[in-house]
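Straight from TrEMBL, the features:
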- 15-34: transmembrane segment (TRANSMEM)
- 273-292: transmembrane segment (TRANSMEM)
- 326-539: domain 'Histidine kinase' (DOMAIN)
- 560-677: domain 'Response regulatory' (DOMAIN)
- Asp609: 4-aspartylphosphate (MOD_RES)
Amino acid sequence: MQINNSSVSLRLKIIVGYVLLLIFLTIIVSLVWLEHQKMEMLNSGELLIRQKREAVNRTFEKLLDFSFSDDFLLLRDRDKFNEYRMKREIATAALNGLKQYYPFDIQHAQIDTISSLLREKEALLLGVMNTLSDLLRSDSLFQRRIPAVALQMHIPLLPGKSEKAKKKRSGFLGLFKKKEDKSAYAYQKEKTKQPSASQQITRELYSLQKEMYIQYTDYWNRLVTYSDSLQWRNTELNSQINTLIGEFEQVVIKQAEKEIEEITASREQSFRIILFIAAIAILLIVIFYLFIHQDIRKRQEYRLKLEASDCRSRELLAARRNLILTVSHDLRAPLGTISEYAELLQDEKSPEQSKGYAMNILHASRHVIGLANNLLYYYRLEAEKEQPEKEIFHLGRTIENAVHSFLSVAEKKGLDLVIKVIDSDILVEGDCGRLVQILNNLISNAVKFTSAGYIQVGAQYRVGKLSFFIRDTGIGIDKESQEQIFTAFERGKAPNAEEGFGLGLAITYKLVTLLKGTIHVQSTPGHGSTFEVCLPLRETNGKIDTTKIPLVCGDLSGMRVLAIDDDRMQLEIIQKMYAHHGVECDCCLNVSELVAALRRNRYDLVLTDMRMSEMDGYGILTLLRGSNLGQAKTLPVLAVTAQADKKPEYFRNAGFADCLYKPFSQRELVSVTSCIDRTNFTTIMEGEENARELLDMFIEDT
């Protein structure tokens with residue numbers, strides 16, 4: 001269900017992420033489209049500015065062409081004047097074309113003024129050209145009139161023509177002839193002979209000169225007037241043109257600057273908006289990536305957990321199957337032995353034979369108990385209910401003692417047991433008991449699977465780590481088995497060896513892991529095996545704790561014990577075990593018998609089974625502590641349990657004096673009992689007249 005919810009949540013987040021991304025993509029596309037529209041408008045503005053510039057330049061070009069086309073005045077060519085007029089009209093049209101780009105009235109007025117000045121200039125130039133033409137016609141007229149006057153002067157001189165001819169004939173040769181000298185009187189007389197013709201010519205010439213002077217003066221005045229007007233018009237025209245072009249240029253420049261500023265501002269704004277949206281989109285992508293990645297990681301974790309759980313379930317199923325097969329096989333044999341010897345023991349009359357049967361039964365039962373203990377211990381290790389202990393011990397002596405305990409077993413099989421310990425004469429702090437247990441399991445395994453040769457144990461301590469190995473010349477282990485050798489219920493084929501559950505190496509592996517160490521195996525079939533173990537151990541300068549509690553630590557004489565259990569056979573065993581040590585033990589099968597016994601007698605200890613049909617051990621403890629029966633409030637209670645996963649501290653914290661784990665031996669029972677504090681804490685309940693009635697009511701209610 002959780003995975004389905006996670007899957008739905010993941011799909012929903014992905015859909016929301018895609019929707020948001022589509023929204024942001026739509027916004028970005030819209031902004032890009034708007035930016036494109038703005039750019040189109042700006043490009044249109046740039047095109048308009050370019051057209052304005054081209055129109056201004058074209059107009060200025062036409063005006064310059066028009067200004068340099070007034071040479072027709074010198075030629076007095078009517079065709080040139082018509083061409084000049086056409087250029088003026090073109091320039092005027094170009095000026096009028098500027099009005100569509102500059103819709104202001106002031107600029108229109110300036111354009112109209114320039115057009116008017118151009119027309120006035122044209123009219124003035126036409127007047128100058130006409131004046132010059134009139135002047136030329138006057139010159140022609142005077143030229144025609146002067147010969148006529150001259151003709152009038154020469155007509156009376158025809159008779160004296162011989163003199164002129166004579167004079168002309170003299171020419172170059174006349175230079176060498178003798179000139180005819182005339183007297184002054186003769187010359188004056190000659191002149192006075194023609195007074196009337198000279199005067200008449202003089203008057204005509206004077207009249208012609210005066211007329212010419214008047215006409216030239218008039219032409220000159222007209223030319224001066226036209227020239228002044230043209231100069232003023234040219235000055236005004238140039239000023240107006242310069243002003244207009246300057247204003248046009250300023251307008252174009254300002255508009256271009258404005259367009260550039262708008263383009264820059266628009267691009268910066270669009271860039272900021274797109275950058276902002278892109279940043280938000282990236283942020284959302286990162287956020288959704290983290291969310292989705294977290295969901296995917298959770299799904300991956302769930303999947304891995306499911307796979308691990310499935311693998312664990314498969315392992316548990318396989319372990320259960322192996323356990324059932326192993327238990328049914330390995331327990332059935334010793335239990336059958338016990339049953340068979342028990343039947344033989346009933347009819348056996350020989351004491352020695354009966355004792356042998358009893359020893360066989362004891363040996364088989366201990367084997368069964370050992371198998372059960374291994375199962376329980378492996379369960380505690382598998383459930384991580386075991387914690388490493390810390391104590392100070394001598395490393396070298398501990399290893400040597402553990403190895404020397406197998407000397408007799410090795411000698412019986414004809415094996416050499418070699419030990420070599422290096423740099424281990426030190427005190428370390430760690431779990432001594434479990435170190436010995438690891439050594440015992442590995443050496444025992446080597447002895448079991450080695451029929452000839454030797455077993456070598458080597459150890460070395462270096463830089464806070466203990467490294468040791470157990471090498472044998474046994475049957476060896478193939479590659480396939482090496483991968484499963486530390487798995488529970490995996491057993492090797494040991495000829496003539498006592499079979500077990502196959503938990504030895506599995507427990508060893510769990511113990512090494514508990515102590516945060518490593519274990520490896522190297523083996524070749526037929527050539528033996530080598531197990532290498534590395535454990536962290538801290539070197540210390542402390543002292544070894546010599547105040548350990550001995551197995552039996554007290555005198556049981558005079559003790560009286562009350563035991564309650566719903567198993568009659570278990571009560572009989574406890575009673576017989578106590579009887580061997582002089583302890584009087586009363587047995588109860590239920591709570592009523594327990595209360596009755598407490599009313600009759602005084603006891604030093606109560607043993608209660610923790611799992612009974614009527615009331616469990618916790619209920620018995622609560623009953624005793626809440627009753628008004630003399631010593632019941634302070635009477636020590638010993639918990640008897642088969643729950644090996646719970647440590648003695650658990651029961652002590654619950655109010656029990658100690659605990660005894662099933663199955664237990666007579667020695668363990670006596671040891672735990674002797675360690676119970678037997679100080680008399682009995683208190684008599686005074687002032688409670690109805691104490692018996694209250695207790696009876698409590699018993700009836702329970």
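Yeah, the Cβs are placed from backbone N, Cα and C, and that goes for glycine too.
Automated prediction, rather than curation, is the source of TrEMBL annotations.
Cβ neighbours within 10 Å of Asp609 (4-aspartylphosphate), excluding its own Cβ and spanning all shown chains: 21.
Residue counts for the domain 'Response regulatory' (560-677) under DSSP, split into helix (H, G, I), strand (E, B) and coil, are 52 helix, 24 strand, 42 coil. Outside the transmembrane segment (15-34), and at least 6 residues removed from its termini, the chain residues within Cβ reach (under 8 Å) are 270, 273-274, 277-278, 280-281, 284-285, 288, 292. Computed over the domain 'Response regulatory' (560-677), the whole-number mean pLDDT of the model equals 88.
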